[in-house]
Amino acid sequence: MKKTIIINGTFVTGRTEENVLEGCMVIEGNRLTYIGKEIPEPLENYDEIIRGERKLYMPGLVNTHGHAAMTLLRGYGDDLALQVWLEEKMWPMEAKFGPAGVRSGTLLAILEMIKGGTTTFVDMYDHMNEVAQAVSVSGMRACLTRGVIGLCPEDIQEFKLKEAIAFAKDWNGAAGGRITTMMAPHAPYTCPPDYIERFVQAAHDLDLPIHTHMSETKREVEANVEQYGLRPVQHLEKLGVFTRPTLVAHGVHLTDEEIAILAKYNVGVSHNPGSNLKLASGVARVPEMLRAGIQVSLGTDGAASNNNLDMFEEMRLAALIHKGVSGDPLAVPAAEAFRMGTSMGASSIWLDDIGTLEAGMKADFIALDLDQPHLLPRTDYVSHIVYSASAHDVVDVYVDGQCIVRGRECLTLDEEKIKREFEDTFTRLTKG
Ligand SMILES: CSC[C@H]1O[C@@H](n2cnc3c(O)ncnc32)[C@H](O)[C@@H]1O
Ligand SMILES: [Zn+2]
């Protein structure tokens with residue numbers, strides 16, 4: 001088994017004790033086996049010695065909600081509210097993607113994400129076999145789900161559910177365990193109650209979690225009350241969704257009672273501040289959710305509502321907007337935003353062996369170039385990561401012990417080919 005040591009690095013570990021340390025880290029196979037101040041064994045015992053001077057090592061970022069192939073719709077349908085954006089802009093264009101479009105859009109998204117320090121992402125979309133194959137070759141880690149919109153005749157509903165089940169079965173644990181799967185009814189406003197119940201049953205049968213959009217806009221909540229007599233949280237509770245481990249995206253419009261229900265069932269919330277601001281959906285009650293003990297992680301959502309996949313930006317937004325809204329500078333401190341982008345992201349998708357740099361954890365980590373004007377002085381590195389850094393500072397990326405980006409170059413994917421094919425796909429979609 002290959003044994004690598006990084007020496008003379010600066011490490012933000014994400015541990016409660018010794019969160020920042022100057023020292024070294026050892027990687028054996030796909031695991032971290034040592035992190036500390038001293039070099040544990042003579043250097044000749046290692047297969048590879050990496051000099052970490054002027055680099056900041058930290059856990060890889062975990063993007064807990066998105067639709068990768070929507071890179072194809074970046075800059076299309078800007079400045080609209082959710083419902084009109086979905087119905088008039090996104091869905092008509094997505095109907096033309098097909099498997100080739102999804103492959104091309106996803107590969108570009110994966111490139112953008114890994115080069116920007118995201119090592120794990122959640123993806124909910126159609127043509128998911130293409131997404132899983134792209135993840136597999138990229139070396140990234142992902143939690144994938146075939147998102148299903150149930151606003152269609154019964155036979156199509158049936159077909160989509162079967163497809164979602166087959167995908168979830170076929171790919172759970174694939175790519176050496178880097179891929180896990182979930183079941184995903186898209187949202188309470190796009191899936192009738194009896195259809196959601198069938199997803200719950202399937203998730204029970206397959207022992208899988210559930211992922212869904214929930215309470216993203218005020219209009220959606222009002223419509224839910226009008227149609228079903230319940231707010232979305234109570235509605236999903238009644239349908240049994242929370243009897244499965246669940247991750248909901250957005251959770252913007254929640255009452256105290258709903259926050260208590262989510263906490264009771266240990267439902268994770270993927271907070272997507274960039275997307276919520278751009279679609280004018282509102283600002284989620286993140287400080288209240290954190291106080292209630294909810295795992296709040298971060299997501300970019302798709303590139304059409306963000307418009308990039310930079311998780312540093314999401315950490316910064318999460319740390320800033322809640323201060324602005326509450327008037328409390330401690331609403332989401334930098335250290336909390338850092339955890340939301342790393343360890344809480346990992347635990348909210350049930351991956352408890354990534355998200356921190358500790359012996360025994362899987363080797364998913366990134367290095368930032370510290371030798372940059374905006375990252376000086378060498379003071380508070382957590383602050384620099386959250387308030388000053390961006391995707392462009394990432395130089396090296398490791399997933400499962402494999403180096404997939406070195407010196408800003410992706411080693412697993414052909415960047416030029418992916419960009420060329422993406423542009424051809426885009427031309428086909430828009431001119432065809
Ligand atoms: C059925 S695959 C996923 C589906 O979700 C759509 N989508 C993208 N962003 C959002 C969002 O913020 N709220 C709800 N749905 C969203 C995407 O366009 C796909 O159709
Ligand atoms: Zn979404």
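Just so you know, glycine gets a Cβ as well, placed from its N, Cα and C.
Residues or ranges marked as domain 'Amidohydrolase-related' in TrEMBL: 57-402.
When secondary structure is read from DSSP and collapsed to three states, His213 (Zn(2+) binding site) falls in the strand class. Per TrEMBL, the feature Zn(2+) binding site maps to His65, His67, His213, Asp301.
Neighbour list (Glu216 (substrate binding site), Cβ cut-off 8 Å, at least 6 residues apart, same chain): Leu82, Ala187, Ala249, His250, Val252, His253, Asn276, Leu279, Ser281. Among the features that TrEMBL reports, substrate binding site is placed at Glu94, Arg146, His186, Glu216, Asp301.
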Around the Zn(2+) site (His65, His67, His213, Asp301), what further same-chain residues have their C-beta within 8 angstroms of the site's C-beta centre?
Gly66, Met124, Ala249, His250, Ser270, Asn272, Ser275, Gly299, Gly302
Quick one: which of these binding-site residues, His65, His67, His213, Asp301, have their CA within 10 A of His186 (substrate binding site)?
His213
Which one is closest to Arg146 (substrate binding site) in space, judged by CA to CA distance, out of the binding-site residues His65, His67, His213, Asp301?
His67
For Glu94 (substrate binding site), nearby residues of its own chain (Cβ under 8 Å, 6 or more apart in sequence):
Met70, Leu73, Asp126
